[in-house]
Amino acid sequence: MVNPTVFFDIAVDGEPLGRVSFELFADKVPKTAENFRALSTGEKGFGYKGSCFHRIIPGFMCQGGDFTRHNGTGGKSIYGEKFEDENFLLKHTGPGILSMANAGPNTNGSQFFICTAKTEWLDGKHVVFGRVKEGMSIVEAMEHFGSENGKTSKKITIANCGQL
């Protein structure tokens, strides 16, 4: 089985920044990977296209995926509002790791974050389900629009997304 690859075309205040592609670890966390894949294609009638990265902290991570409220309080999974932590086999080993944001145990929806550093304190709390395959330089460029409290100086959006 080949792990799926999805892409995000990132824009800054409506201007194209570039493409980031992700390998989704369907071999280790199939349910979590399938949620992200389907939200990237929009095949269920909802998903990431047009949503923003509402929280970017340089030297830590870029967080997005709230396509219902756009502020970090919303989002939903393809399985209903929330789903369980599938497993914690994969670790937050460094830049480029793709992991689920949550509000405590078994509260995965659609929010995710891309690590820009090793974040081992998140191991066992957040489900790692993918990695940046290409376009880490775009993620690094996104960091410049973040701040210590996570507020972004410009609107960073997923202008387009899908499966490769």
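The backbone N, Cα and C atoms fix where each Cβ goes, glycine too.
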Annotation N-linked glycosylation site per Swiss-Prot: which of the candidates Asn71, Asn108 has it?
Asn108
Local confidence of the domain 'PPIase cyclophilin-type' (7-163) - pLDDT mean:
98
Would you count the other CB atoms within 10 A of the CB of Thr93 (phosphothreonine), including those on all shown protein chains?
14
For Ser77 (phosphoserine), which residues of its chain lie six or more apart in sequence with Cβ-Cβ distance below 8 Å?
Asn35, Leu39, Phe83, Asn108, Gly109, Ser110
Collapsed DSSP category at Val2 (N-acetylvaline):
coil
